Amino acid sequence: MHHHLLIRAIALLRQPLEPLQQLSRARLVTLGLFLSIGHLAFHWFWTVLVPQPYENLLLRALAAAGALPLLWWTPSRVMRQRGIRLYLLAYMTYTGPFLFQWFFLMNHGNAVWMTSAALMCFLAYHILDWRVATAALAAGTIAARALVALLEPQLAMPWWRVTEGNLTFAFAWLSALALALSSASQRLQRLNATLLAMGVMAHELRTPLASAALVNENLREAEPAEVERLTHRMDGLLRAIHHQIDSQIVNAQLLGIQPGRETLRAGQLVRDAIESYPFLSERERLAVSVDTRADFHFHGSERLFIQVIHNLLKNAVFALRRTQGRFERGDIQIEVSAVGSCGTIRVRDKGPGVPRHLRRAIFEPFFSTQTTHSSGLGLAFCRETVQANRGQLRFERVAAGSSFVIELPLLPGDAGEAHHARRWAPS
């Protein structure tokens, strides 16, 4: 546990550093306008509308003038020139932590500036990279308190003194830092997920592309009798490539799945999914058997539900490859049945199964029991698709292997079409 947290902390520290979060031209201009106009406006506000014991026009004017370069800088120039980045760090330290701590102390730690200093902590972490914000808050706060202690010792507020101001500021700082770390961790997770998906796609496409290149070589020297067989093989490889691309596109729709309006027949859907699945060998294909005990109709998207069956098949095939290394008829069983108002599609394999302590996590996005070449989105996509169509997907405990059960509401008036022990296997 502690080792995992240490690795996550190191990863957060090693993320690419940007002085401003989501650095863009619009963000630079907006920030420049806000600071240059805002400081002068707040000076008027605190001297005329809500007069405070202390205000300083010179300090406000310096802060307003210091923001003007942001109106002309571009993101590429900021990232290219180290001097500009150092200026930004110094300016943001002055205009935020230093000024707010200075005004807070010079106003005797009153409620207005205690609240303002606390709010500034959250704004700093919202605008700046969390590492830059932490450094700026530390440097600005220390500098302001040291200067007040030197110039106005009667207004100094040592850190170790338990006061409302110190406690409020410390709580705000720690809360803002915790939120910033959580946000940075989520961004890192999204980045890792994107890179993982790209890696999975590259790995999945490598095999069929290499095979296609080999078939193309053989076609150049093939006898006429061999051309048809090689052409058929090339078609299969192209279908496999398209399947992998479609899989990644569909899985990427995880958060935007809508209920389908097509009327689907479960038995036919399963057969179509098996026929279109890119098995690596004929032995893998023949390992699948379908038992349609009672067919049924339901509403859904044919494209999405075929992908659901593909994802469950992929997991079953991978489990068998990992353990047995060989395939026998019936190693993967798909059962279609209906009881009452509920239709069921059950996909069962004779692999190693899912460890008990992982069964609650397998439907979470980015979780995978496969150590490599898996984005961890397959089962999460399956669950979201089924639930979007008022169904349920669950893991079923069996003596050996794994069993996933899709439960779907039947269409009104459809009690299921009984087929006593009707079995089907791909040919």
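Using the three backbone atoms N, Cα and C, a Cβ is placed for every residue, glycine included.
Features of the protein shown, as given by TrEMBL:
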| type | residues | note |
| --- | --- | --- |
| DOMAIN | 200-412 | domain 'Histidine kinase' |
| TRANSMEM | 28-45 | transmembrane segment |
| TRANSMEM | 57-74 | transmembrane segment |
| TRANSMEM | 86-105 | transmembrane segment |
| TRANSMEM | 111-128 | transmembrane segment |
| TRANSMEM | 135-155 | transmembrane segment |
| TRANSMEM | 167-184 | transmembrane segment |
For the domain 'Histidine kinase' (200-412), mean pLDDT (0 to 100): 78
Whether the transmembrane segment (167-184) meets the transmembrane segment (57-74): three or more C-beta pairs under 8 angstroms: no
Long-range environment of the transmembrane segment (86-105) - Cβ separation under 8 angstroms, sequence gap at least 6: 19-20, 35, 39, 52, 54-56, 59, 62-63, 66-67, 69, 78, 113-114, 116-117, 120, 123-124, 127-128, 132, 135-141, 143-145, 147-148, 152, 155-157, 165, 169
For the transmembrane segment (57-74), sequence-distant contacts whose Cβ falls under 8 Å of one of its Cβ atoms, 6 or more beyond its ends: 25, 28-29, 31-40, 42-43, 84, 87, 91, 94-95, 99, 102
